[in-house]
Amino acid sequence: MGMSKSRGCFGYPLSIFFIVVNEFCERFSYYGMRALLVLYFRNFLGWDDNLSTAIYHTFVALCYLTPILGALIADSWLGKFKTIVSLSIVYTIGQAVISVSSINDLTDHDHNGSPDSLPVHVALSMVGLALIALGTGGIKPCVSAFGGDQFEEGQEKQRNRFFSIFYLAINGGSLLSTIITPILRVQQCGIHSQQACYPLAFGVPAALMAVALIVFVLGSGMYKKFQPQGNIMGKVAKCIGFAIKNRFRHRSKAYPKREHWLDWAKEKYDERLISQIKMVTKVMFLYIPLPMFWALFDQQGSRWTLQATTMNGKIGAIEIQPDQMQTVNAILIVIMVPIVDAVVYPLIAKCGFNFTSLKKMTVGMFLASMAFVVAAIVQVEIDKTLPVFPGGNQVQIKVLNIGNNNMTVHFPGNSVTLAQMSQTDTFMTFDIDKLTSINISSSGSPGVTTVAHDFEQGHRHTLLVWNPSQYRVVKDGLNQKPEKGENGIRFVNTLNEMVTIKMSGKVYENVTSHNASGYQFFPSGEKQYTINTTAVAPTCLTDFKSSNLDFGSAYTYVIRRASDGCLEVKEFEDIPPNTVNMALQIPQYFLLTCGEVVFSVTGLEFSYSQAPSNMKSVLQAGWLLTVAVGNIIVLIVAGAGHFPKQWAEYILFASLLLVVCVIFAIMARFYTYINPAEIEAQFDEDEKKKGIGKENPYSSLEPVSQTNM
């Protein structure tokens, strides 16, 4: 064992402050990056909701599978310190790679605002995420245990407080990052064109990871560094493998039965190890239903974020971005953990109710299930406000009269008459095979003009008319609400020459006469824009201001010549803004956070209390593995489900967890609590009597009651 001399501050080893700061920065880096992923996949890489959700949960699953690799490296090869440093370097490189992958100008050679080679961005993103998963997962089982190693015997009180501080550092980093990085994302940046600033939003977490690494290395001279003492997970696996093999070798009736299947390892392994593995397998058996909880919990960053994009983020004077709603969980965690520990549990105990660890975990599962019932109710309310878009064999048409006369448009079975500068109230829906003819007429002009156009099924179209014989059909290109709560704006030019419009850093270039531009998308708020044209006198006003944009709307701005010869702009609503407020997500976040506090914190404490001293790392890896399996469950459901309504998927998850909750309650009913310390003390006593007096070579890992490891 190699160690440095321990220096103290307020009764704590000075080294632990470097570890706490490192953990704060690392969690800021991880959660700041993770908060952006789903919207980055959908809006930058152009993936649909299901693929975005699937890749997101694949990444999270990898982050919770790699701790097994990290524990193996630390235990059998590098030790905790070198493992943390080495994998933190990998982690930092991964964060830098994904930041570079989000630079639009990397492949935007024609400077049109869109990447010319999306596969390059996808490849870089996947490489970055793979490196991050290896780095963050690999250091997970090492950092908290390394912090525990810094304390001397007799410092149990300080060690327990350290883990509380460590837990708050994790949630503090998570909270700040999920507030800050979405703000950075909505900024506009770019060399040749302006887009959502993903490079900055990913770059700040990358910088924080570099800071985390530097801070950790600066404390190197103060750390106690234990040499690797052998791979206990390997010993456990070999013992279990030998027991199974030996049992099948001796399965005939000629061999007497043994009390436990692990007793078949006695020919090769000592009773202490076998007894310790029995304790671990009892807890591991209880882990079997747990992934279902994580399958629901980790959807905060995917489905719930996507749900928030269809809601209104104005809460009083505050304006919240969809990916910032995840901060509600971190805020509630910081508030509720001390309240539950100091108030709720003591009150329950005073009432005489034996609220055991497994009962707490059962309640946590139930609360998470109810959170998804609430999410389903909110989704039903959202669905009521969403516009209806055309089906596969339908088209939708809106008529916009941009002329100076009244116009009548005749559809099969229906006619609409529009005054000058007006549009139909809604999009009209037609089956494509029944849309046989469309005719335009005007009371001031003789004759009827037939609209000759092949409407594209499954899409919305705008029919621009300005006199009975002149019209233009424009395919809108919007078949859903604008993504990430932004607002779509397009311009219609009624002048006799081309115009160019600049709005908040984006350019609508060369919009031809009596034609419409494509939509461009902007966050909420008022937007300044300038119309460049030579069609009006230099003294005329060319700078204008939009209305106060809300969330998820779309508008058409018609540019026309006013009576004084200058320009005027009229606004028409294409898609109404979101009306269901994001505040309605708070109850589901509250229920899920309550479930997290009583499930996750209790689960780790229970696992460690029931584990032998030298196998706490084994159970820590097993606990993290349940998170990985939970994300794999989401992958399977998202890939195979394809529910027509999102609320139905929420109800499915709630029902599955409720069933699992009942199963877990039954399993918990038959579980017998043990005291591993007493069992190990008995082995020590027996060995002393036999004159063996072996010292257990494996140091214990202290439990860390935290949910965001």
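Cβ atoms here come from the backbone N, Cα and C positions, even for glycine.
Topology check against Swiss-Prot: Cys189 and Lys645 carry an identical topological domain name and occupy the same side of the membrane. Looking at Asn354, Asn515, Swiss-Prot tags one of them with N-linked glycosylation site, and that residue is Asn515. Cβ neighbour count for Asn532 (N-linked glycosylation site): 13 (other Cβ atoms within 10 Å of its Cβ, all protein chains included). Among the glycosylation sites listed here, namely Asn50, Asn439, Asn532, Asn439 has its C-alpha nearest to that of Asn406 (N-linked glycosylation site). In the three-state DSSP scheme, Asn50 (N-linked glycosylation site) falls into the helix class. Here the transmembrane segment (586-606) has long-range neighbours at 283, 290, 293, 296-297, 300, 304, 325, 328-329, 332-333, 336-337, 340, 357-358, 360-361, 363-368, 370-372, 374-375, 378, 623, 703-707, meaning same-chain residues at least 6 beyond its ends whose C-beta is under 8 angstroms from one of its own.
Among the glycosylation sites Asn439, Asn515, Asn532, the residue whose Cα lies closest in space to that of Asn50 (N-linked glycosylation site) is Asn515. Here the Cβ of Asn50 (N-linked glycosylation site) has 12 other Cβ atoms within 10 Å, regardless of which shown protein chain they belong to.
Using the rule of three or more Cβ pairs under 8 Å, pairs at least 6 apart in sequence, the transmembrane segment (162-182) is in contact with the transmembrane segment (199-219). Under the criterion of 3 or more C-beta pairs below 8 Å, with sequence separation of 6 or more, the transmembrane segment (83-103) and the transmembrane segment (199-219) qualify as touching. Under 8 Å from some Cβ of the transmembrane segment (277-297) lie the Cβ atoms of residues 236, 239-240, 260, 262, 358, 364-365, 368-369, 371-372, 592, 595-596, 599, 603, 606-607, 610-612, 615, 618-619, 622-623, 625-634, 637, 653-654, 656-657, 660, 663-664, 667-668, 671, 674, 676, 679, all in the same chain and six or more residues away from its ends.
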